[in-house]
């Protein structure tokens with residue numbers, strides 16, 4: 001009896017920890033219809049990884065190093081690399097959460113299963129200090145060593161990307177025009193990089209309400225296919241970020257610089273994976289506390305010596 005109670009309590013604790021883990025991570029999907037020359041590949045990486053690890057996996061395992069870094073332009077298999085940063089999905093949504101948009105999940109599922117080359121990363125830790133798009137682009141540049149070796153880099157104005165002389169796109173119409181224009185001007189062997197963020201499509205004047213993310217992604221992929229470009233796409237979610245303003249980090253930088261001058265700054269920084277593991281540890285500790293409370297209550301109940309039979313009253 002006691003062992004069964006212990007097992008149930010431990011399962012409750014681990015389930016609580018798993019829920020915290022799923023709530024703190026986001027999914028990412030990579031598919032590449034343009035990789036027609038490679039063997040069919042469909043893989044899933046279940047490791048919990050940081051955005052930097054995701055970028056390195058996309059470059060090495062996903063073949064994007066030949067697109068963004070390689071100098072062998074004549075051998076590049078695709079013309080366009082698309083990064084779409086969504087704002088809706090958590091890792092728990094992919095596991096069957098009813099609150100997720102089914103149209104978006106079906107779109108990602110079809111893109112993953114119906115292309116020649118696809119990869120999935122269900123557990124990507126997010127950062128509270130930087131946006132996902134900035135972490136990915138900076139990680140791409142760092143991994144390439146000498147910067148991005150692409151012909152053109154364009155991103156939506158809602159995307160928060162620091163550094164670099166990149167072309168900015170205003171809305172969905174400008175994205176379509178940019179794709180058509182680059183298809184006409186691009187020389188053979190060149191690859192372009194386009195970074196899109198869902199928040200940028202809320203400012204269209206002809207819309208009273210923002211587009212659902214599934215419709216935006218469908219429209220973007222339709223524009224890419226209509227342009228005739230061979231492409232590879234990366235979808236990653238970042239629901240913990242709202243629209244960022246350029247000056248919101250200035251007070252943080254000032255305080256960080258002031259702390260560093262006083263000599264009290266610590267060189268050890270807890271990154272995304274570290275924060276995720278700390279949240280997981282919190283869930284385990286909560287499960288242990290619940291287990292102790294349950295065992296204590298059962299011991300108290302078992303310690304109460306209540307007689308099962310009472311004597312009949314004696315007659316005088």
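From the backbone N, Cα and C atoms, a Cβ is placed for every residue, glycine too.
Nobody curates TrEMBL annotations by hand; they come from automatic prediction.
Annotated by TrEMBL as transmembrane segment, the relevant range among 263-283, 284-304 is 284-304. Residue counts for the domain 'V-type proton ATPase subunit S1/VOA1 transmembrane' (280-311) under DSSP (helix as H, G, I; strand as E, B; rest coil) come to 24 helix, 0 strand, 8 coil.
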